[in-house]
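Heads up: the structure comes next, in structure tokens.
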Amino acid sequence: MDNLIIPICILITVLQVAHTYLRFLAFKKEMNQEDIQRLWYSVTGFAVLSCFIYYNILNDLVLSTITYKTLLILGWIPYFFIFLLAIPRHISLHIFVLGMSGIWSFFLYTLSSFILIIFFNDLHYILTTLLFTLINILLFVLLLPIERRIFSRLLPLEEFFRDKNIGLYIASLPLSIFIAHIIMTIDNTLLSSWEQRLSRFYLPLVFLCCYHYVQIAAKQYNEKKLLLIDNQQLSNEMVSLIEHRLMLTKK
């Protein structure tokens, strides 16, 4: 079974790059071709490096559920910093996109565990880990049309997230939900209890609620901003009109 460690390392990397692709979709329309190439050169380079890092870790520590989960949980951090450097947008945008992709990945994680325990129960734990990661990737590919549609329209205007009163708070909400679920799954069990898996099936609803809430809030924010601009223009016109009348009166 030790010869399965290399495929597991590769599949973990592929899964992490797949969810990196979702974050890329959110920023794609604001990027030029040169920025896109630079981003993917960096992502590909680190992905290759991470395969060797994961192999050394699993080879030294022996593959266990807690080691596997740690690689999945912490593996997104370098990609997050790659995005920060390659896409110079407000950090609130990056935090929001990371949180939304995290919630989605956790939903796929839960769905994969359901499929695994129904169809592939009682396997060796190394083979279980391999199949679990592979099912995650297959689900990602099958749902790609939906994922593209949602994540390519995920971000509203950047000014909305730059607002000091609401921007960072709203951006942090999905990430907080994601981290809370991560904390609850840090144990040495790959497949959680049925109660835990069923409780996580509300995650798509949370995802959609966050998505629609941000879209509605951004629309209202933009409408208020346009109203303020219109009022300012009207005020300026009134001042100009009064000044003009005063000039006529003096004449």
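Backbone N, Cα and C atoms are what each Cβ position is placed from, and that goes for glycine too.
Unlike curated records, TrEMBL annotations are generated automatically.
Annotation source TrEMBL lists transmembrane segment at 6-27, 39-58, 70-88, 95-119, 125-146, 166-186, 201-218.
Under the criterion of 3 or more C-beta pairs below 8 Å, with sequence separation of 6 or more, the transmembrane segment (166-186) and the transmembrane segment (39-58) do not qualify as touching, having fewer than 3 such pairs. Contact between the transmembrane segment (125-146) and the transmembrane segment (70-88) is absent: fewer than three CB pairs lie under 8 Å, with pairs separated by 6 or more positions in sequence.
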